[in-house]
Structure formats: C-alpha cells, structure tokens
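Here is what TrEMBL says about this protein:
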| type | residues | note |
| --- | --- | --- |
| ACT_SITE | A:Cys88 | active site, glycyl thioester intermediate |
| DOMAIN | A:2-150 | domain 'UBC core' |
| DOMAIN | A:155-194 | domain 'UBA' |
Amino acid sequence: MIDFARVQKELQECSRDMESSGIKVAPKSDNLARLTGTIPGPISSPYEGGTFQIDITLPDGYPFEPPKMQFATKVWHPNISSQSGAICLDILKDQWSPALTLKTALLSVQALLSAPEPDDPQDAVVAQQYLRDHQTFVGTARYWTETFAKTSSLGVEEKVQKLVEMGFPEALARSALESVGGDENSALEKLCSG
Amino acid sequence: MQNEEQLTCRIEDLANCCGGVDDDIMQKQSTEYQSASPILLEKIKVLGDKYVAIRRTRGDGNCFFRSFMFSYLEHILETQDGAEVDRIKLNVEECRKTLQSLGYVDFTFEDFFALFLEQLDDVLQGNENSISHEELLNRSRDQSVSDYVVMFFRFVTTGEIRKRSQFFEPFIFGLTNTTVEQFCKSSVEPMGEESDHMHITALSDALGVPIRVVYLDRSSCDAGVVSVNHHDFVPAPGNPPSATSASSESINPFITLLYRPGHYDILYPNYGTWNTCVYVVGWVDGTSFMLLSLTCIYYGMQTIKEVRVMEAVKINLNHEETQGCKAKALASSVFVLYIVINVQMLLNCEWGPKCRLPESFRQSSVPI
C-alpha cells in the first residue's frame with residue numbers, strides 16, 4: 001500500500017522550494033501513484049537549457065520500494081536509454097532508502113546528467129560514443145536537448161498556435177497538449193494517431 | 001553430510017522450544033555449516049548450556065534491527081519497566097533533533113519515529129491499546145509495522161554515525177574506503193543492508209541500550225578450552241559518549257543476539273541455571289560446609305552456581321552448648337540441600353526468579 005499521506009507531504013515540500021531547486025513534481029491525474037517530474041538540464045553540461053520530463057510510477061511498497069522513473073523526454077546520455085528513457089541509477093534500485101524522497105531522487109537524476117558513468121551504462125551505444133568520440137557525444141547530446149527538451153519551454157498558447165497552424169482544430173490541440181503534459185511532440189503524435 | 005545433520009540436530013536441541021523451522025533457514029544453515037568443524041560443534045554445545053532457546057529472524061539483511069526491535073519490546077512487555085520507556089523516549093527525541101540538525105526533512109522520518117513510539121506505549125499494559133505477547137509477535141511479522149520500526153532504527157543509526165562522524169570516520173574508512181556520508185547513504189539507510197559492529201555501536205549508543213552479541217564462528221580458543229566469545233556493546237555514559245563498547249562488569253545487557261556469519265538471531269539466556277541459589281537452612285560449621293560443597297559438586301556442577309549460607313544459623317565451633325548439635329546440624333543441612341538439588345533437576349533447571357520463556361514461543365515456527 002502506497003503511503004499517500006507521505007506522497008502528499010512530498011508534493012507540498014517540492015512545490016515550496018520549486019523556485020530555488022527548479023524541480024517540479026505533479027500528479028498526472030487524481031491518482032497519486034503516477035506523477036510527472038520536471039528537471040532543468042544542469043548548467044555547463046550538454047543538457048543546459050533543456051527541461052526534462054520524467055514519468056514517475058510509485059510501486060505499492062513506496063516508500064520502502066524505490067519509485068520507478070523513466071525519462072519521457074528523449075535524452076542522449078550513457079546511463080539513460082535513448083529508446084525507452086530507462087534510467088540506470090543505483091538509488092532507483094538497491095540503494096534506495098525511505099530516507100530519500102522524490103525530490104532527492106530527481107536531484108540525483110539531475111546530477112547524473114552532469115556526471116555520466118559510462119562504465120555502468122544503460123545505453124551501450126551512447127556509452128561507446130562517450131568514451132571513444134567525446135566530441136560527437138557532446139554534439140549529439142546538445143542536439144537532442146535542443147530538439148526534444150526545449151519545445152516544452154514554449155508557452156502553452158504558442159504550442160496550441162503551432163498545432164493549429166499544422167491544421168488541427170484548436171480545442172483538439174489544446175486537449176491533446178493537456179493530456180500529454182504539455183509536450184508538443186507527444187501531442188502531435190497523439191493527434192496524428194487519433 | 002553426516003556432520004550437517006548432526007549439526008542441524010544440535011542447533012535444534014539448542015532451540016528445542018522453537019517448533020518448526022523455516023525451510024529457507026534450514027537451507028541457509030546447511031550451506032553455512034557444510035564443513036562444520038569440531039570447534040563449531042563444541043561451541044554449539046557450550047551455547048546450549050547457557051541459553052535455553054533462539055528465536056529466528058528473517059534473513060533479509062534487516063535481521064540485526066529486527067532482532068533488536070523484538071528483543072527490546074519483549075523486554076519492556078515482560079518487565080513493564082516504565083522508567084526505561086521514559087528514558088529511551090528522551091533518547092529518541094535527541095535522535096530526532098540530531099536528524100533535523102543534519103538536514104533531514106521531517107516528513108522523511110516522522111512516520112517511522114511515531115510508529116516506534118506507538119509500539120513502546122502499546123507494550124506497556126494498562127491502556128486501551130495495550131498488546132499481548134502474541135500480538136507483538138504478529139506485529140513483528142507484519143511488514144507494515146516491522147519494516148517501519150526497522151527503518152526507524154536505521155534513521156537512529158545513521159544520525160548517530162553522522163553526528164559523531166569524527167569518531168566513526170577511521171573505522172568506516174578502514175572498512176569500506178568511503179566517507180561517513182557515503183557509508184550512511186549506501187550501507188545504513190537502504191533497507192536490507194546488513195549491519196556490523198559500527199551499526200550496533202551507533203544504535204546502542206544513540207538509544208542507550210546495551211547489547212550482547214554472542215559469536216558463533218570457527219575461531220578457536222586458547223588453552224584448548226572451547227568457549228563462545230561474546231561482546232557487550234555498552235553505551236558510554238554522558239553525552240556525547242566519548243568511548244564505546246568498553247566492556248563493563250556491572251552492566252548486564254538484557255538483549256542478547258546470536259551472530260553467525262551474516263546473520264543475527266535472538267538468544268534467550270538460561271536464567272534459571274545461572275541465577276539459582278540454594279538457601280541452606282540449618283546449622284552450619286566448617287566441616288558441614290565442606291560436605292555441602294562436595295555435595296554440590298557431586299550433584300549439581302551444572303545447576304548450582306551459588307550456595308548461600310544463612311548468617312543467622314552459623315554457630316561457634318567452640319561453644320560448649322552447641323557441640324551436641326553438630327552431628328544433627330550436619331545431617332539436616334545435607335538433607336535439605338539434597339532435596340533442593342533434586343527438585344531442581346526434576347524441574348530441568350528452569351526454576352529461578354528470572355527464568356523466562358514465553359508461552360507463545362513454543363508454537364512459534366515462523367521467524368519474525
């Protein structure tokens with residue numbers, strides 16, 4: 001059974017110092033078991049300037065079991081799958097402790113962005129590139145940040161406008177954006193598939 | 001293979017009140033003792049003399065904390081020691097402040113603290129939430145209680161280690177080559193991380209509860225005499241404690257844990273044997289006392305540890321009037337002692353003021 005009272009407290013705590021940490025956690029719906037975390041790309045890393053969305057699913061045993069976290073925004077990083085967004089981080093596995101919180105976990109994920117550990121990779125291709133051709137790695141990571149992590153920095157109205165220009169009805173575009181948490185690419189995908 | 005069976009059997013002897021045994025643990029034992037050495041077998045025999053039973057705990061890496069939890073709460077439940085509860089509550093408050101000053105956010109630990117304090121109140125009888133021994137067992141097996149208390153102890157331990165990081169640093173660095181903070185993050189705070197000397201020292205100091213750990217390993221003993229080592233973790237008086245684990249004769253820990261490499265269980269000392277005293281009523285002088293001692297040796301090497309002679313009935317050897325009574329006195333003293341010893345043997349040495357072996361123990365096969 002998830003300790004929802006605690007999750008509630010965590011959300012409050014997080015929103016209180018959102019300004020300073022830049023880290024945001026919001027429930028996807030009324031159900032507190034599924035949340036979306038947002039972290040800014042760390043300064044002086046190829047991820048600088050990007051805003052990264054992370055899907056969070058709380059297991060039944062939370063806070064005794066670690067939250068499941070996965071990048072919703074595409075990232076080029078040795079410890080994050082470029083396909084699925086799966087994160088390889090010890091505190092999200094056996095080193096998790098109830099002393100940690102969603103916020104501290106997201107801070108660790110943010111720290112992982114600045115300090116990749118290519119020797120313990122999640123994405124072997126990226127890790128190879130990181131070790132053998134660092135220049136290209138930085139370039140790719142920066143390009144991915146520009147392409148996937150910056151669209152969400154646009155205001156909602158601008159995004160709606162963009163989608164309307166593409167030929168979708170405004171109401172539909174707006175609801176699609178809302179349902180995917182404001183991510184323009186996902187909204188587009190949704191609109192195209194729907 | 002033969003050794004293995006013999007050993008399991010002996011362990012069962014030691015834990016003859018334990019009922020059935022968890023399969024998992026059986027397996028663990030057999031692998032653990034695959035090459036049971038004669039020393040080990042001998043040690044188990046020695047253990048059997050001093051302890052009446054063991055209570056098993058789950059082998060999930062939290063065994064030390066879980067053993068401590070049950071042992072402590074059981075002690076309070078049995079002794080109803082309100083003063084001890086008041087004392088530990090002060091320490092718990094101190095731990096809370098420590099965590100706050102270390103920058104831990106309240107909501108990360110308050111639930112765990114609250115749950116432990118609730119258990120403390122519940123084992124004290126006389127309020128509406130008071131619980132029985134059986135309920136304590138159930139709660140210890142119920143993860144939604146047990147795990148919270150384990151985590152509470154992990155918080156207490158991590159707080160103590162970080163508060164006194166200067167003291168712990170050399171040990172931690174020597175053992176794991178990491179910083180105090182890293183050690184706490186990776187080896188204390190996560191559930192399932194095993195405990196060692198450092199954890200026990202920190203928990204014992206922080207809560208002010210002495211802990212005895214009996215070591216069942218293959219280390220041999222001096223002079224060919226097999227004995228089982230133990231170490232008493234005695235919280236140093238004063239705050240902050242300056243030295244730890246200094247064995248002190250005067251403190252007798254009420255928590256005794258059995259350590260076999262990689263695992264802790266709870267041991268129940270054979271208080272009946274050790275605290276037995278024989279009160280000799282009758283006339284006693286030099287000669288009869290010697291005879292008494294001989295009788296003790298003959299009948300009760302195992303059972304009699306102390307003979308108390310009532311001061312009031314000692315007589316003066318040279319006093320004329322008493323001379324005639326000497327023979328009678330001697331005979332009656334020996335007779336009384338003879339009866340006492342026999343009664344004790346009949347009762348299988350479990351006779352004594354502090355002998356404890358909870359009823360529910362006999363049915364408990366599931367480890368806590």
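Note that Cβ sites are derived from N, Cα and C of the backbone, with glycine treated the same way.
Secondary structure by DSSP for the domain 'UBA' (A:155-194): 30 helix, 0 strand, 10 coil.
Look at the domain 'UBC core' (A:2-150): DSSP puts its residues at 58 helix, 26 strand, 65 coil.
Across the domain 'UBA' (A:155-194), the prediction's mean pLDDT works out to 80.
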